[in-house]
Amino acid sequence: MKKMDFVGKRKFFITISTILIVASVISMLAKGFNFGVEFTGGSEIILRVESNSFSESDVRTILQNISSDFEAARVTRVRSVGDPEGITKFSITLSKTFETEEKAKVQNSIEQQISTVGVKGQVISFNETGGSAAEEIRRLTWRSILITLAAVLVYITLRFNFVFGIGATIALIHDVLITLGIFSFTGYELNVPAVAAFLTLIGYSLNDTIVVYDRIRENMKKFKGKEISSLVNESINQVFRRTLNTSLTTFFVVFILFLFAGNAIKPFAFGMTIGVVVGTYSSIYIASPLVIKWVKSR
Amino acid sequence: MRTDRIRLVIVIVAIFGAFLALLWPSEEQTYRGLAAIFQRIPLGLDIKGGARLEYRVDIDENVENPSEVIDDVWTVLRNRLDAAGYTEATVRKTFRENNSFIVVEIPAATDTTRAEKLLGSTGLMYFGQVIDESQIDPQNDPRLKDLAKLKKAEWLPSRDGKIWYLVRTEVMLVKDLKLVSPQIVSASPVPETRVGRFGYKVTFELSSKDSEIFKKITQQLVVPESAIGSSSSKEKRLAIVLDDVVQFAGYVISVIPDGKAEITGNFSLEEAKQLAAILRSGALPARLEKISAGWVAPLLGSDIVKTSLWAGIIGLFVVLIYMIFTYGVQGIIADIALVYNTFLLLGVLAATHSILTLPGIAGIIFTIGTTVDGNIIIAERVREELKSGKSVKAAISSAFGRCFITLFDANLTTIIAGLALYYFGTGTVKGFAITLIIGVLGSFFVNIVLSRLLTDALSSFIRKPAVEERGAQS
């Protein structure tokens, strides 16, 4: 394989990444996220309708007939390849939670209202999370991500050195921010499985980064005194085939999962699909070139 | 070669253990065909459907022993669920940040309303008088119903639901002689010491405020031991009623003036403990704050399992084929390692009864990634070593030596991330962390042991790449 110059164009790629991160942050601030009820508090009702022609607005009409509380409900159609023919599923998200008895009433009246239109419908899931609980889940999730990052930083510092630890951590933050940005931009639901995807992504991207770093470390010992940027470039080249093949195989799995898997896994698969691409890119173009700068200036 | 033999033994023992754990006969037969392999892996409610309720236990700050309160709450909820027929339900205590939580999971339930009412009610306990009992359900017998009306009492079932007691709140119809929500200061099982008795009894102490009423009640109900069994004594039993279920019915053999009483009945330790817990906690000893409640229909769950399983299998196949095309013999080795590790992971899940949740499935998929990655790293390294002019055997040996460090660092970092997730994450994320950690450990094992074994065994099939011109010149 021809040797490629990964390091020489680092300014270009760091610029691209910076632009992506800024765009992500802007999107997060301006557009926010389509959080799942676990994070916002509220209720999510999944409705299964035995009809092909039922639409979101039909569901909305039904909801409005039941109570004005439902006017602010978010109704989205959820569909995945492999769903039985003639079945449509809708997710109804409300920002409020219900009293025990209210819940049964809501469920019954939705099912009744649908049957009056002459369609068979069934509520197949009803989840609610209290506001304080949602806040707790949010806090714990953030904390677990931050602690993970810190633990990783410590380990890499011990096994490699602090510069590499910083490089890997920045690459991780880079990946998380850009993937979050894409979630925000596309309006894809950010729920607990999606967070699991982020955590997987952290593991994956890290794995990738470590493999490159490991080669750099090895080469630093082997070729003492060699100019660092060419050494890093050499190292990336040596592991590039591996990185490409690993990423491709992982990509196959998560992309197929994204296409075919049920709704509950979809946000995860979506996060992973993007994460694999971003994570691979970052370990080659961000994590390693970043190290050059610091190793040189020491 | 000797080390290879050791590797072979380890590899066979490990996979044998995994299959044993997976295929150990179980009574349930929920799955057919290929999916039967999942028979022994308990699935999370997010997959198989069911209701999940989470409560924060609100304990008074000045309570001396909070963990006892939590235990009591647990017992009360467990009792209520069992009594209502939710015997499949699980009740778990969890703790985060100085808060205690109770998580109730009811598989296959799609009616949280009933469960919520059952669990959330504060519960009512009282000492009443048993006037009569019946083996027949009073609902089906008009005469018994009439009797209840006549006696101004109520038919209540026993704990096992086989006997019904006619219970009156007001003892001997004396006005205001009733003890509802008594304050029980302590209750504990004690070994029986009297001659002719065995097992355990339960002692309890009422607060001084309630002692006075209890004294009057016992005065009314006292039956000399010699008179027990006579017709007049049958109307004079004391009942401990919780949530409209008679928890205990027995005779009062002496007046209890100081609120310190004991209940004898040749109980086993378990029974005595339970009764003591009921006395202590009669009404829920703490307020429960609903954190979340939800249910998923099995319908939704089965859709997910089916499609995800297929997606996983298709993905796996694409990877398997790609690996053979790209790496030849070493691709086949990688494929064997991959399938091996997947079964190993499933086996560990089955053996440890870890619950497989959706994020857990994500963890399995991640495992596919790391296993393949390890093999790719090895295959690439072997290629490199061969290119540098080494013999096949030497190349394999030095490649594995080098890869050990790479894989060690890469996998250990992932495990550190997994541990952090496990300790600081919430429920579902924990499930992910477990499969992630087991999977990564497995992939490391498979890469170092199984792949090495296979690579050595198939070394004669590994082609030395034609030494490239560039290499020859240097």
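Quick reminder: no glycine exception, Cβ is built from N, Cα and C everywhere.
If you look up TrEMBL, you'll see B:71-130 marked as domain 'Protein translocase subunit SecDF P1'. Per TrEMBL, domain 'SecDF P1 head subdomain' is recorded for B:170-286. According to TrEMBL, the feature domain 'Protein export membrane protein SecD/SecF C-terminal' maps to B:287-441. Residues annotated as transmembrane segment in TrEMBL: B:7-24, B:308-325, B:332-352, B:358-378, B:399-425, B:431-454.
Long-range neighbours of the transmembrane segment (B:358-378) within the same chain, counting only residues 6 or more positions beyond its ends whose Cβ lies under 8 Å from a Cβ of the stretch, are 44, 46-47, 304, 308, 312, 315-316, 319, 323, 327, 330, 333-334, 337-338, 341-342, 345-346, 349, 399-400, 403, 406-407, 410-411, 414, 428-429, 431-436, 439-440, 442-444, 446-447, 451, 455. Long-range contacts of the transmembrane segment (B:7-24) within the same chain, counting only residues at least 6 positions beyond its ends with a Cβ under 8 Å from a Cβ of the stretch, are 37, 39-41, 340, 343-344, 346-348, 350-351, 445, 449-450, 452-453.
Under 8 Å from some Cβ of the transmembrane segment (B:399-425) lie the Cβ atoms of residues 370, 373-374, 377-378, 381-382, 384-385, 432-434, 436-437, 440-441, 443-444, 447-448, 452, 455, all in the same chain and six or more residues away from its ends.
Away from its own ends, the transmembrane segment (B:308-325) comes close to residues 35, 331-332, 334-335, 338-339, 342, 361, 364-365, 368, 372, 375 of its chain (Cβ-Cβ under 8 Å, at least six residues beyond either end). Residue counts for the domain 'Protein translocase subunit SecDF P1' (B:71-130) under DSSP, helix first, then strand, then coil, are 22 helix, 22 strand, 16 coil. Here the domain 'SecDF P1 head subdomain' (B:170-286) has a mean pLDDT of 80 out of 100.
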